[in-house]
């Protein structure tokens, strides 16, 4: 099937997210529905991007400014290209709150709320994940979070994909905003308010106040605190 033929679940309600080169063309806040096993198209369909996994050479490095480990790209990344998926263990928000108290004491931040429609599940990358575990925060990031649905269309369980917000040079560190807010331009975009590392989040009313974490991103627009 072709893109015009609507080979993707959800295609009748949602715009196709990619151009022919696999670059995302919808704004952050709108969901991405990729083709899946129920579609007749092949592996090279331009609506199969995140499911193909990481396509760039990336490496982990030790930062020199107290931010711990970081991730940089070894090759140039085009704007709006898929870079990596944020992978981890899917846990309930209640379990995330319990683990979050432990992580707070350790000064770690590995929890990502899946609150696209409701705050039921959280991704914990502390014990199980991929290179995304090491990506640092920035108040002026070069990666943007998108909610992606492929085989599982349960809106409480989006997959978290990171796309380049601008061209990224070889050797440049990769970052995303841990406390991302998407402007509620319309009803659809208000449903995406993922908060990384802060269960409940400032958008959903945190069950308890967390200590403020100082930001060391160095961006001119730095908010001084992660949360």
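Backbone N, Cα and C define each Cβ position, glycine as well.
Here's what TrEMBL has on this protein:
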- 7: Zn(2+) 1 binding site (BINDING)
- 8, 35, 39: Zn(2+) 2 binding site (BINDING)
- 35, 41, 45: Zn(2+) 3 binding site (BINDING)
- 67, 68, 69, 136, 137, 178, 216: S-adenosyl-L-methionine binding site (BINDING)
- 139, 215, 217, 222: Zn(2+) 4 binding site (BINDING)
- 3-53: domain 'Pre-SET' (DOMAIN)
- 56-179: domain 'SET' (DOMAIN)
- 211-227: domain 'Post-SET' (DOMAIN)
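A map of TrEMBL features onto the structure.
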{"residue": "67", "record": "S-adenosyl-L-methionine binding site", "contacts (Cβ under 8 Å, 6+ apart)": "136, 216, 217"}
{"residue": "68", "record": "S-adenosyl-L-methionine binding site", "contacts (Cβ under 8 Å, 6+ apart)": "62, 136"}
{"residue": "69", "record": "S-adenosyl-L-methionine binding site", "contacts (Cβ under 8 Å, 6+ apart)": "60, 61, 62, 63, 134"}
{"residue": "139", "record": "Zn(2+) 4 binding site", "contacts (Cβ under 8 Å, 6+ apart)": "177, 215, 217, 219, 221, 222, 223"}
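Sorting each residue of the domain 'Post-SET' (211-227) by its DSSP state yields 0 helix, 2 strand, 15 coil. Counting every protein chain shown, 21 other Cβ atoms lie within 10 Å of the Cβ of residue 217 (Zn(2+) 4 binding site).
Residue environment of residue 45 (Zn(2+) 3 binding site) contains 18 other Cβ atoms, counted within 10 Å of its Cβ in all protein chains. In this view, residue 216 (S-adenosyl-L-methionine binding site) is surrounded by 16 other Cβ atoms within 10 Å of its Cβ, with every protein chain counted. Within the set of binding-site residues 35, 39, 41, 45, the entry lying nearest in space to residue 178 (S-adenosyl-L-methionine binding site) is 35 (CA atoms). Summarising the environment of residue 215 (Zn(2+) 4 binding site), the number of other Cβ atoms within 10 Å of its Cβ, over all protein chains shown, is 19. The average pLDDT computed for the domain 'Post-SET' (211-227) is 83. Around the Cβ of residue 41 (Zn(2+) 3 binding site), the number of neighbouring Cβ atoms within 10 Å comes to 17. Cα to Cα, residue 35 (Zn(2+) 2 binding site) and residue 41 (Zn(2+) 3 binding site) are separated by 8 Å.
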